[in-house]
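Taken straight from Swiss-Prot:
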ACT_SITE  T7  active site
BINDING   G162, C165, T168  Na(+) binding site
Amino acid sequence: MEKIKSTTILAVRRNGKTVIAGDGQVTLGSAVVKHTAKKIRVLNEGKVIVGFAGSAADGLALMERLEEKLNKYKGNLVKSAVELAKDWRLDKYLRRLEAVMIAADKNNMLLLSGNGDVIEPDEPVLAIGSGGDYARSAALALYRNTDLDARKIVEEAMKIAGEICIYTNQNFVIEEIE
C-alpha cells in the first residue's frame with residue numbers, strides 16, 4: 001500500500017492567545033481520499049491543544065499518551081511532553097509510530113518527535129507537515145510585520161500554504177485557548 005501523505009499544522013501565540021490550525025486533506029498516492037480530516041484535538045479540559053502530522057492512528061495514539069502524562073503531571077505541559085518524548089524514544093512499540101506533534105497551552109508551544117525532540121521555537125510560531133514550511137514562513141512574515149491577532153495570522157498563513165502545497169487543502173479546523 002502506498003504511504004499516506006499529509007498535512008499542515010500551524011500554531012501561533014500572540015497577546016495571550018494560542019491558536020492551532022490543521023487542514024483536512026488526506027492523500028493516498030496521487031489521490032485525495034479525504035477532505036475533512038480532523039488533526040487537531042483539545043486536551044486537559046480545554047487547556048492544551050494538540051495537532052499532529054503523519055499517520056492518523058499513530059497521532060491519535062500519541063495524543064492519548066500525552067493526555068495520560070498531562071493527568072499524571074497535573075497539566076504541566078513541558079514535563080508531560082518531556083516524559084512522552086522519553087517514552088517515545090525508548091519504548092519498542094512507540095518508537096515505530098510515525099507522527100510529529102505540536103502541543104500548546106497558554107504559555108508553551110512545543111514540537112514533539114519520535115527522535116526524542118521537544119523543541120520550543122524562538123518565536124511563538126511553529127508548523128509541521130508537508131505544508132509546514134510554507135505556513136510557518138507566511139505566519140512569521142505576518143507576525144513580524146503586522147498587528148494581526150493570532151487567529152488571523154493562522155487563517156492567512158494556512159490559506160497561503162494551501163495554495164502552494166499539494167498535500168494541504170483549505171478545509172481548516174482551528175482551535176484556540178487564552
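Note: Cβ is positioned from N, Cα and C throughout, glycine not excepted.
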How long is the line from the C-alpha of T168 (Na(+) binding site) to the C-alpha of T7 (active site), rounded to the nearest angstrom?
6
Which whole-number value in Å describes the distance between the Cα atoms of C165 (Na(+) binding site) and the residue listed as 'active site'?
9
Same-chain residues six or more away whose CB lies under 8 A from the CB of T7 (active site)?
G22, D23, Q25, V26, A37, K39, A53, G129, S130, G131, Y167, T168
Pick from G162, T168: which of these binding-site residues has the biggest number of other Cβ atoms within 10 Å of its Cβ?
T168
Neighbours of the Na(+) site G162, C165, T168: Cβ within 8 Å of the Cβ centroid, same chain, sequence order.
T8, D23, Q25, S130, G131, Y134, A135, M158, A161, E163, I164, I166, Y167, N169, Q170
Number of Cβ atoms other than its own within 10 Å, given for C165 (Na(+) binding site):
21
